[in-house]
Amino acid sequence: MLKQRTIKSIVKTVGIGVHSGRKIELTLRPAAPGTGIVFSRVDLPTPVDIPAAATSIGDTRLASVLQKDGVRVSTVEHLMSACAGLGIDNLYVDVTAEEIPIMDGSAATFVFLIQSAGIEEQNAPKRFVKVKKTVEIRDGDKFARLDPYFGFKLKFSIDFRHPAVDKTGQELEVDFANTSYVREIARARTFGFAHEAEMLREMGLARGGSMENAIVLDEYRILNNDGLRYDDEFVKHKMLDAIGDLYVIGHPLLASYTAYKSGHGLNNALLRELLANEDAYEIVTFDDPQAAPKGFAFDMQTAFA
């Protein structure tokens, strides 16, 4: 059977919170089959566990924020994206603040951490959310849609109308049957505009944001000396975010995702719409790994890496 996966050993790192600017400790621990991805605020007098779930996402203005009984864990999308890309079903994530450290602004550090810990198959079938009917959410000209598809593919379009962004690809389609998440998506960094960063700092946010963890643009150009990691890094980062946002449903999706100018809020609304329509999806497993979609039937250390 196609099995669930966790990590083999405990791994730790330290990074900066993009909003608080504070040093944050992050520990990844193996978890039993059926656990899912569980975030734990270990800095509180009594640690609070918040399982990743579509219905636990609260605030989505600047990041995907998990909330439970007034306790928050913000900026979970890059780590969730790495877990999706590496096929991790079960994991404990201990964090010493209300946000996951931003690291370099991509999912690459989290991929490295998970691969350093090693990946272990577990004696339980991997469960997928198979989309059976089209589900769509619109907000003005923005939209996000899930269509039935035997595999996992995404098509994302952005429209930033900025000279530096216009020069790069604003639309990207990726099918993980024939694309490496680790090579093609994981290293794409978050991006922001210098004038917005100033506004956010005045609001007490983005105190940890810098060119060390984001692509920064002024009105005309990219300010980072080292330029871009991919020619189309902007749209690739939006896709990286979407993969993480969608993975909070708790299982990998068997679906085709299409989006135009979507963000954390629309992605979460799409998951909630799917879950509200019980005839639009089903949970499936694969007794024969070869019967699973290409990209998931892996012998290697990764899902669609």
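Along the chain as shown, residues are numbered 1 onward.
Cβ coordinates come from backbone N, Cα and C, glycine included.
For the Zn(2+) site, Swiss-Prot gives H237, D241; the one candidate out of H78, H162 that the record lists there too is H78.
Among the listed recorded positions, namely H78, H237, H264, the Cβ with the most fellow Cβ atoms inside 10 Å is that of H78. Cα of H264 (active site, proton donor) to Cα of D241 (Zn(2+) binding site): a span of 8 Å.
On its own chain, D241 (Zn(2+) binding site) has E77, H78, S81, T190, G263, H264, N267 as residues at least 6 apart in sequence with a Cβ closer than 8 Å to its own Cβ.
The Zn(2+) site, placed at the center of the C-beta atoms of H78, H237, D241, has further neighbours from the same chain whose C-beta lies within 8 angstroms: E77, S81, G105, S106, A107, A188, R189, T190, K238, M239, L240, G244. The secondary structure of D241 (Zn(2+) binding site), as reduced to three states from DSSP, is helical.
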